[in-house]
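Annotated features, as they stand in TrEMBL:
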ACT_SITE  A:348  active site, nucleophile
BINDING   A:241, A:242, A:322, A:325  [4Fe-4S] cluster binding site
DOMAIN    A:163-328  domain 'Phosphoadenosine phosphosulphate reductase'
């Protein structure tokens with residue numbers, strides 16, 4: 001609160017009509033400065049205070065002269081500590097007007113968080129589980145595009161991104177995303193171990209769908225130099241390799257998002273059998289518009305919309321990750337059977353909670 | 001369009017409470033009228049000739065049917081059943097009682113509206129291209145940036161007691177449909193070196209007693225730095241601008257007196273010590289706001305529409321409306337429809353409560369629930385399916401809103417003038433009405449093509465007379481109304497101030513003189529030349545001769 | 001001769017100082033005063049800012065405004081000359 005003071009305060013006293021340079025010089029030589037308003041409409045005092053504060057003046061700053069209670073918060077937010085009042089002034093009105101607003105949009109000298117900052121905090125602190133439950137209820141039986149639209153409603157204030165492997169089935173989800181809003185960021189984990197076909201497919205699909213914000217996320221160079229300088233960690237410890245090349249980069253890349261769209265589907269693996277369109281994982285809302293799609297549904301969608309196919313599909317690859325840990329599958333195998341084949345591993349970890357990864 | 005969240009709602013409600021507190025202190029004597037006046041002005045409340053006037057903000061001219069219906073409700077309940085759209089894309093009411101204002105403001109807050117900073121020496125309502133989000137030539141929708149500026153400038157601690165008012169306009173296309181160079185700051189979205197959004201910044205434009213065209217102070221300020229740059233400009237002016245003479249207090253006078261280079265240095269000096277990180281627009285906030293302005297769910301339609309084409313052939317009146325008031329849209333099969341508030345002999349910008357409801361219905365049924373207010377004092381339905389345009393036109397006809405004169409000679413901008421305004425020297429409305437009746441023949445107007453005729457009742461230039469192709473300024477000559485005529489002004493990307501052609505004319509001479517000016521244009525125009533092109537080619541002399549010829553003959 | 005006019009605080013309407021300095025709405029009810037009396041009435045109503053906002057003097061002849069601002073004062077007295085608010089028009 002702006003302090004209200006009675007009686008003439010000590011300290012150098014300058015009119016707000018004084019040029020900035022002189023005010024700065026006076027401030028440099030004192031730890032109490034009184035700025036006197038000759039008329040309440042003369043708003044120079046607000047800029048003088050703001051400039052002094054921004055340029056490092058840490059002493060006391062007192063407003064005096066013709067100021068109105070209605071200006072209390074303008075004074076406080078511009079950097080004044082106190083106002084000198086004539087005897088008998090209505091200090092109740094000063095207190096009331098100082099606190100007339102519970103928030104301010106724009107940053108100023110006072111340290112209180114702005115509405116912009118509070119919006120961000122509110123969207124971080126919100127009860128995402130309750131939101132996920134509500135959205136699951138509201139979108140029950142709805143099409144994938146409706147699920148996506150519900151998530152993209154600006155009123156929810158979510159900061160949404162998509163993660164895509166640009167793999168065998170990715171075109172369906174990306175197509176629905178692009179139809180809804182081609183500017184939604186798409187995060188691609190550039191592990192450095194992708195099939196060349198995946199990289200050219202990424203370029204082709206990005207262009208075909210008109211996606212405007214595809215972000216390539218690479219492993220941290222220092223981490224990689226320490227853990228996998230020779231690019232063969234996959235041979236000895238696939239989990240550590242996934243952690244280095246996928247889990248950690250994704251965590252860094254998605255720090256600005258509180259909601260991620262994924263293309264995961266229940267049919268893909270036993271670990272995904274209970275998947276719902278909306279779920280919360282490590283404090284992030286996961287949106288899975290295709291949760292109840294099966295392979296035929298994907299195929300039908302790709303067919304109906306004439307979408308470009310991953311070049312490896314016709315060679316029998318139905319789930320595509322990094323080249324060392326992916327093989328083609330036989331017709332009678334599960335789609336993901338070709339991932340980490342021969343290992344006791346079905347997920348890379350980006351879709352598991354932190355606790356499960358650690359376990 | 002933007003929708004309030006809990007923070008926006010709280011702020012507007014708190015502003016209503018604060019204003020009610022101020023009204024109560026004025027009534028109790030705790031505030032004098034001199035103290036109360038700047039406070040009420042900051043909430044859009046004037047004391048005019050006959051009553052208080054309340055100016056309600058329509059931020060960047062974008063609103064919806066629910067808001068329009070609430071404006072109609074206010075007109076019926078607290079006023080005389082009508083409202084008046086202004087050249088700042090706001091709406092004003094001429095007859096509210098001070099004691100009703102808290103209730104009116106509360107009614108407005110219900111529909112996410114307010115009157116904050118529609119007057120006073122603060123940052124005013126930001127205006128933009130009325131076709132934003134619909135125009136074919138736009139590189140980016142400017143409205144999210146207008147909303148960011150609205151939030152940043154609302155109840156700004158440092159910039160609420162400025163030397164004078166401060167107006168900002170933003171466009172997203174090369175073509176300027178928002179007169180940005182007549183603003184204190186004009187912003188044009190361009191592509192920065194990195195391909196990102198940036199702003200070309202004009203400063204020091206303005207009309208009024210001493211008009212200036214804005215000068216380019218920066219060619220590409222990155223979007224993230226926009227608020228910091230605006231802060232530096234405002235701070236430089238707030239500290240150095242004149243406060244001793246109301247006519248020399250605007251930023252245009254400071255820029256003109258110190259020169260653009262010196263002013264730029266001053267801005268750069270402040271920019272250098274700003275806490276940039278704090279003022280950098282948070283990217284997620286910018287994204288959040290942009291999401292509200294996503295295009296509506298357009299259908300995939302063919303470019304041509306059979307019902308539209310049929311109506312063109314069937315009804316010449318519709319064909320005329322389509323020629324003049326229906327604008328191309330970037331989405332095939334859609335159009336923007338201009339709703340003229342300039343009926344023959346009417347008051348420019350006035351609209352009755354019933355008409356407001358009618359337009360609200362049309363926006364809701366045929367226009368994705370979106371409405372725009374144009375600074376030319378018209379309304380626009382920005383996204384109408386071509387198939388529906390004939391139906392919309394018939395409904396407008398029924399509501400008395402189908403005058404097919406958008407951008408033609410009778411689409412006159414006029415301020416309220418001495419019929420309402422306590423600052424005016426002369427009336428504007430009757431002169432505009434006389435002109436409108438005289439030029440009413442639509443075939444004649446179409447032959448003339450686009451002509452912008454603007455009228456102000458005093459030197460404050462609310463009617464934009466300086467930048468009318470033909471401008472009319474009311475002056476007081478020993479208690480009599482006279483009108484000074486200018487020719488060759490232009491509000492667009494080729495902004496120019498009109499030349500005063502000669503001595504002022506009495507009221508009843510204005511319309512005939514303007515008609516002679518237009519007739520002279522028809523005589524001397526080259527093939528395909530618009531009125532303004534001809535003026536630019538030949539200068540004002542032939543028009544001066546036309547304006548004064550009968551007067552000279554009479555005096556000879 | 002002169003009259004004293006102002007706008008009323010509560011609703012902004014045009015008022016004049018009438019009998020006993022009471023606010024009256026019609027010009028023909030305003031007290032017509034000589035210069036000295038006008039200054040006194042002006043000071044008296046200025047002391048009542050809860051009713052009279054920005055009071056000032058208007059020159060009149062035969063109860064009609066006659067000074068430099070006569071047009072403005074006639075419009076104040078009679079209402080807008082055009083449009084939706086003309087006396088007898090809408091509302």
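For all residues, glycine too, the Cβ spot is worked out from N, Cα and C.
Surrounding the centroid of the Cβ atoms of A:241, A:242, A:322, A:325, where the record places [4Fe-4S] cluster, the chain contributes additional residues within 8 Å, namely A:191, A:193, A:234, A:238, A:245, A:246, A:321, A:324, A:340, A:348. DSSP assigns residue A:242 ([4Fe-4S] cluster binding site) to a helix in the three-state reduction. Residue A:348 (active site, nucleophile) and residue A:325 ([4Fe-4S] cluster binding site) are 10 Å apart (CA-CA, integer value).
Long-range C-beta contacts of residue A:348 (active site, nucleophile), restricted to its own chain and to partners at least six residues apart, with a cutoff below 8 Å, comprise A:242, A:246, A:247, A:321. Just so you know, the Cβ of residue A:325 ([4Fe-4S] cluster binding site) picks up 20 other Cβ atoms within 10 Å once every protein chain is counted.
For residue A:241 ([4Fe-4S] cluster binding site), the same-chain residues 6+ apart in sequence whose C-beta sits under 8 angstroms from its C-beta are A:228, A:233, A:234, A:325.
In the structure as shown, the Cβ atom of residue A:242 ([4Fe-4S] cluster binding site) sits within 10 Å of 25 other Cβ atoms. According to its DSSP assignment, residue A:325 ([4Fe-4S] cluster binding site) is helical.
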